[in-house]
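To keep things clear, I will list the structure first and then write my remarks on it.
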Ligand SMILES: Nc1ncnc2c1ncn2[C@@H]1O[C@H](COP(=O)(O)OP(=O)(O)O)[C@@H](O)[C@H]1O
Ligand SMILES: O=C(OP(=O)(O)O)[C@H](O)COP(=O)(O)O
């Protein structure tokens, strides 16, 4: 149950509405390479425009560390947004100050202004109250629609909510609704697939999931810490030495809790981390000492696909191998294809798994692709997200 006030609960006509969105899109040479996050915010923006609000959009882009960085301006995002909306978007070069206030004062109902990258100010990530008040000055109402940044307690995601009425946007509600429902009352069998490289970030998730899922599938770089915990040599594969004991305890806990923990039976190993590396498929207990595991093996991939096809709810976060390189893409592709055909409800937890389903052209077969990687992980871990906690209660 979502107990926070929504933009549907308030009157926005004629109001100056500060909307925090997550326009943190990948860019290459000044070009947006994936506009999913812009498109995901459109329903909120459209509804506000149609209701006669003055729409002031704010976002971060990248990690400029509190300084102006020409490559991290939101100019290209503003241009693209105007094209998608088929409507002018006034992109400003600042996010606070007199010039911004003057532009906002000139807005007509239904107009859209896009502020500059809020992380050009040091106070943003420090959640500085003075900066939050500068943002609040611009607005009669605050809407947080930045699900991807909801796990950050920053001036434009959390601080501002102390100084102006604060409600959630449509994307935020949809993300919380889908992820919240899936986790609070899951259809079973419920399967979670955790892969990728960030052992530290994901170990907490694994622990939390052991209380919720029927099947836990582990792959990617982080699986080798588990393989090591099982007593096998892993050669030069990725290892988080200080997490071996924890991995052992998870294997024990999974048994005790009746969770089926699925681990690789084979792996694709390489003599170096390169797209041109020599490769071979080996049993998981036979990784040669000078080689590294860069993908799950074909038998493992098939096993995982079977579990996915027999599940009613599947959440996937993190690739099964170094899928960016052809030779190590099979595990991730096999999982993506199984996600595409399963009758279960499929959720992709942002980040590289979202990129993978795009790459393997099955994105349109997924039931929900979250716009937040870190945010959906923290939600799965059962953590409260500061950007949501800060909103007004219903
Ligand atoms: N066996 C592996 N060894 C090293 N890196 C891997 C391995 N498997 C996957 N990766 C890498 O993990 C990265 C994604 O990890 P991570 O950031 O944790 O996932 P996500 O972005 O989905 O949260 C990918 O770039 C992928 O190449
Ligand atoms: O891209 C984001 O996170 P994600 O890669 O975990 O989905 C969000 O925009 C948050 O960005 P941040 O991790 O720099 O705070």
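Each Cβ is built from the backbone N, Cα and C atoms, and glycine gets one as well.
In TrEMBL, annotation is done automatically, which means it is predicted and not curated.
The candidate list 80, 119 contains one residue that TrEMBL assigns to the substrate site with 22, 23, 24, 37, 60, 61, 62, 63, 152, namely 119. For the binding-site residues 24, 353, the largest tally of other C-beta atoms within 10 A is found at 353. Other than 22, 23, 24, 37, 60, 61, 62, 63, 119, 152, the residues of this chain whose Cβ falls within 8 Å of the Cβ centroid of the substrate site are, in sequence order, 59, 117, 148, 149.
When the binding-site residues 62, 293, 350, 351 are scored by other C-beta atoms within 10 Å, 293 scores highest. Residues 202, 293, 324, 350, 351, 352, 353 are the ones the record ties to ATP, and the longest Cα gap between any two of them is 24 Å. Per Cα geometry, 351 is the residue among the binding-site residues 202, 293, 351 nearest to residue 62 (substrate binding site). Shown in sequence order, 37, 41, 59, 60, 145, 146, 147, 148, 149, 371, 372 are the residues of the chain, 6+ apart in sequence, with a C-beta less than 8 angstroms from the C-beta of residue 22 (substrate binding site).
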